[in-house]
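Asker: Taken from TrEMBL, the feature active site, nucleophile applies to Ser239. Per TrEMBL, active site, charge relay system is recorded for Asp262, His317.
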Amino acid sequence: PDPVPLPRLGCGSMGGMQSLALPLGKGPHHVGCADVMVGHTRQGLFLRLFYPCLPRAGAERPLWIPRYEYCGGLADFAHCSRRWCAPLLSVAIGSCRVPVSWNGPFKPCSSGYPLIIFSHGLGAFRTLYSSVCSELASWGFAVAALEHRDHSASMTYFCTVGAGREEWIPYRRVPQGQKEFYFRNKQVHQRAEECVRALRLFEDISSGKSVPNVLHQDFDLSMLKDSIDVTKVAVMGHSFGGVTAVLALVKEPGFRCAVALDAWMFPLENTLYPEVPKPVLFINTEKFQTPESVAKMKRLSSRNRQTKIITVLGSVHQSQTDFTFLTGKLISRIFGARGTLDPYKGLDITSRATLAFLQRHLNLEEEFDQWDKLLEGIGDSVVPEAPFCRSNL
């Protein structure tokens, strides 16, 4: 599966600049974001935190592709030559920015914001789901978008102690001669453990432990101390991240529910299905799932009445990433980044169904239950369960 599409570029002109038309969150809060790196080894954590913030005039907006190295990683992931594809991507999308306030002043909350740990898809990284993460943050959630270090991100890094050297961790393909299941199964366990460590990080901060942010930014983690409710935590992800979220429920009782966007169920071993104790919301796109994958989801919904499966019509696998919001001539060359459904409408459906589900299972006192019908697959462009179609898996 290719959760992150890339330009299949011909030799012709690039035809106009790309721009990223990410929407502002529709909720009542302004949204800030900051990068957080903890620890000086691979066993640490790297995440981008989206959170409700105080409005600030002239706030800087963060880059969508955080650094040039990520363009090289995307090129490698897409089997393109790094030598020409990375500079091309950098020119095309390197200046796109996310409409949130970079290191914006955190908005304190005495009751504590509920927390969502978000896991990216294969070949992605922490910033490529900024649209859904910032939308959820605008409704009063802290959203921690991880950058996994299991070689499934197209690129990531950590900073060594002392010299502060950056050590980069590139994307790794399934080694020749190795069965894909064993390779991916090992990765999904590492990813789920990173989700658990992320929860531990926020528990430490809430208990008043001093946790230094290796990136030395203007964002001091102690600000979060009394403003995050670590008893109300969900885990969420897309594709490889969707199945990561399901596995995280097995590993960590602190996660009360999971939201799986177009989950790639393949890497999970069968013995784990009976052990998934909590409800999962599966939000599938129309063109990705296989009968085998859907059968696995149905095994979970048959065991737990609160587990829901819905499908968004007119959507493709990349509709749940930010790539669907890229505009410009290049988009026609990005393979399958957009279905027939308007991307803004797709984001609305995904985030509203998620909010209704989180209200139910995190016991929130909001009005997100106004979107409860979506959880039954009732509404425009939504159907219950999952249509079987030819998949590109």
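Backbone N, Cα and C define each Cβ position, glycine as well.
Any TrEMBL annotation is an automated prediction that lacks curation.
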Asker: With an 8 Å cut-off on Cβ-Cβ distance and a minimum sequence separation of at least 6, pull the same-chain contacts of Asp262 (active site, charge relay system), or say none.
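Answerer: In sequence order, the residues whose Cβ lies under 8 Å from that of Asp262 (active site, charge relay system) (at least 6 apart) are His238, Ser239, Gly242, Ile283, Asn284, Thr285, Phe288, Gln289, His317, Gln320.
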Asker: Taking the Cβ of His317 (active site, charge relay system) as the centre, count every other Cβ atom within 10 Å, in any protein chain shown.
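Answerer: The answer is 29 other Cβ atoms.
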Asker: Report, as a single number, how many Cβ atoms besides its own are within 10 Å of the Cβ of Ser239 (active site, nucleophile).
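Answerer: Ser239 (active site, nucleophile) is surrounded by 28 other Cβ atoms within 10 Å.
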